[in-house]
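Structure record follows, encoded as structure tokens.
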Amino acid sequence: MTSPIKAEDSGSAAVLDPELAATTENAVAKGEKQPEGRSPGQLMWQRFKRDRTGVVSACVVIFFFVVAACAPLIAKLYGKNPYTLYAQEPDYPFLLDDFAMPTGSFGGMSGDFWFGVEPKLGRDVFTMLLYGMRTSLYMAVVVTTLCVVTGVVIGMVMGYFGGRVDYWMGRVTDFFLAFPQQLFFIAFMPVVTAMFVSPADETPTYLRAVAIILVMWFLGWMGLARLVRSSVLSLADREFVEAAKVSGASPWRIVRKEILPNIVTPILVQATYILPSTILTIAFLSFIGVGFVEPTPDWGRMFAVGADVYEQDPMFMFFPGVALVTFVLAFNLLGDSVRDAFDPKTGR
Amino acid sequence: MLQFLIRRLIGAVVIMFLIGAFTFFLFYTVPQDFAALSCGKNCSPENLAVIRENLGLDKPITTQFWEFMSGIVAGRDFPQGHCSAPCLGVSFDSGNFVWDSIVDRFPLTLSLTVGGLVIFLTLGLGSGLLAAWKRGTVIDKLVSGASIVLSSFQIYLLGPIVLGILVYSTGIMENPKYHPFTENPATWALGLLIPWAVMATIFTAQYTRMSRSTMIEQLQEEHVRTARAKGMSQRFVFFRYAWRGSLIPIVTILGIDLSALLGGAVVTEFTFDLPGLGRLAVDSSLTKDLPLTMGIMLFGAFFILILNIIVDLAYAYIDPRVRLS
């Protein structure tokens with residue numbers, strides 16, 4: 001391209017530009033290879049596409065989300081819902097035997113009930129699973145979003161302002177980290193529900209959902225806040241941030257335009273780990289009986305029933321189990337692949 | 001060392017006080033009538049008044065808080081009698097002292113947590129080490145694959161399956177049951193073997209992955225290469241140089257995982273129908289027995305803080321660069 005001598009010859013900077021443009025055009029016309037500019041995002045996408053495990057797990061995860069979103073449609077086509085006690089319907093007289101266990105092999109699997117029927121109550125397992133997936137995923141997405149946003153905001157504030165703000169918010173973060181998480185969830189679920197509804201009344205499902213979200217949000221943001229804080233700290237002294245400061249950019253602009261784009265990667269990777277763990281925590285709460293209750297379809301509740309009747313009807317556990325393991329496995333592998341694609345230096 | 005311990009213990013006391021204060025005010029400022037809660041649905045006004053007085057709910061909240069806190073340190077008197085030093089109040093539901101209920105249930109949870117911890121640390125670090133040692137071979141692939149799949153399993157999923165195989169269908173083992181350690185260590189271990197194994201499997205899988213990857217990272221470090229170049233034996237370098245370094249990040253994660261471990265013990269109790277602290281916590285939470293719930297919560301926080309201090313001590317032992325003072 002243009003050598004410094006040539007540039008000097010050309011005299012002023014104003015003339016330099018068109019000449020430079022001309023030489024570049026020349027080079028292109030001659031067929032010389034130009035280094036192709038790629039954004040980090042494009043590079044990441046290219047690396048990700050080559051990772052077969054990552055692509056397959058991404059497909060599985062997307063499949064789960066699509067199925068959950070279309071649950072009512074699928075249930076309509078299939079012709080059942082997760083609430084009806086089919087054993088009491090006149091259409092299906094021999095669904096459960098005298099011990100209230102499904103008649104027929106494999107937990108009562110048949111053309112009418114693809115995944116079998118629930119022992120004791122005789123509900124349809126397939127639609128329970130579909131709607132349970134819907135409950136888990138919706139909740140997990142909400143909780144993850146809230147935790148990520150809170151964590152990013154708090155971490156940014158700590159890292160960017162530093163000093164006393166950083167110190168005291170850091171202490172608050174440490175304090176919340178010292179809570180025994182699961183015990184906290186168990187202990188605070190009734191308190192949070194009691195804030196909205198009198199204990200004598202029945203708690204509506206949506207309030208239970210709100211309570212679960214609040215409780216999990218409350219103790220879910222600290223890890224991410226710490227991560228964001230340390231990333232911001234390492235970026236705050238870099239030249240481009242200083243340049244922005246010198247040029248008079250407002251803190252809001254620096255945070256939004258200079259720092260945030262540089263820490264999207266670790267945030268995204270962290271979020272892919274938070275989501276499945278949220279699903280597991282919600283399942284945990286419902287399993288031990290403080291999360292969702294009858295008749296809300298939920299995975300954790302299905303496991304509670306499944307563990308209860310495992311001796312008589314092991315098949316009931318099978319489909320929810322396979323679904324949960326597949327989903328968590330796919331999501332964990334996806335998280336690993338995303339991390340590898342963003343940052344090829346760290347090995348597994 | 002002693003200085004470190006004292007400093008950490010003071011820190012723990014401060015954190016316990018803050019957690020106590022936070023929990024107390026959140027619990028007791030909830031716009032609900034506790035007396036009505038503990039009285040049940042058909043409650044006469046006289047009963048209500050008696051309960052209110054017994055619980056001290058007619059006093060201002062700061063007084064209640066002070067009484068609660070001083071009760072923990074010095075004990076306090078209730079209509080039921082004197083509640084000695086670590087007094088966490090009286091259960092709404094049963095009228096027993098909270099501390100007594102906790103002490104009654106805690107040995108099982110402690111057995112589960114510590115037993116599970118020992119098993120998964122041994123197995124997890126061991127298999128991770130093995131996979132890193134035989135990196136790229138069939139053993140490595142087998143161990144890594146199994147750990148990825150198993151880490152997606154859950155205790156409440158694996159538990160019934162193991163029970164189904166070992167207890168229901170073949171009858172090789174008895175249903176898990178808790179016998180106190182002091183009674184007979186052999187029956188204690190045998191009764192908790194299945195819960196331990198199931199709980200440890202889930203954690204082992206995670207720690208295998210972690211220990212393998214940190215080990216591989218360590219083996220690429222320069223001091224390890226130098227040691228090899230000096231002509232030290234592979235085994236010596238592997239265990240004395242690389243392994244020690246790889247333990248540091250694992251111990252850090254272990255400190256974070258302690259509360260998950262307690263959660264794991266709770267799920268294990270539910271899966272195998274064992275009457276431990278987790279069951280008590282859930283039962284109290286469902287009956288809205290707030291003093292009991294709060295007591296368990298504080299006790300759990302204390303337990304985890306103590307475990308954390310132990311982990312920090314281990315940290316200093318592994319990594320001499322960490323100074324305790």
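Using N, Cα and C of the backbone, Cβ positions are placed for all residues, glycine too.
Bear in mind that TrEMBL entries carry predicted annotations, made automatically and left uncurated.
The domain 'ABC transmembrane type-1' annotation in TrEMBL covers A:133-335.
For A:54-75 (among others), the entry in TrEMBL reads transmembrane segment.
TrEMBL lists A:137-163 (among others) with the feature transmembrane segment.
Among the features that TrEMBL reports, transmembrane segment is placed at A:175-197 (among others).
When Cβ-Cβ distances below 8 Å are used as the criterion, the transmembrane segment (A:209-228) is approached by residues 139, 142-143, 146-148, 150-152, 154-156, 158-159, 173, 176-177, 179, 181, 184-185, 188-189, 192-193, 196, 263, 266-267, 270-271, 274, 278, 281-282, 285, 291-292 of the same chain, each at least six residues removed from its ends. The transmembrane segment annotation in TrEMBL covers A:209-228 (among others).
Here TrEMBL flags A:273-293 (among others) as transmembrane segment.
Here TrEMBL flags A:315-335 (among others) as transmembrane segment.
In this chain, the transmembrane segment (A:273-293) touches the transmembrane segment (A:137-163); three or more CB pairs sit within less than 8 A of each other, excluding pairs fewer than 6 residues apart. Of the ranges A:175-197, A:273-293, A:315-335, the one with the most Cβ pairs under 8 Å to the transmembrane segment (A:54-75) is A:315-335. Here the transmembrane segment (A:175-197) has long-range neighbours at 203-204, 207-208, 210-212, 214-216, 218-219, 222, 281, 284-285, 288, 290-291, meaning same-chain residues at least 6 beyond its ends whose C-beta is under 8 angstroms from one of its own.
Here the transmembrane segment (A:315-335) has Cβ contacts under 8 Å with residues 53-54, 56-58, 60-61, 64, 106-107, 109, 115-116, 118-119, 125-126, 129, 132-133, 269, 272-273, 275-276, 279-280, 283, 299, 302-303, 305-307, 309 of the same chain, all six or more residues outside its ends.
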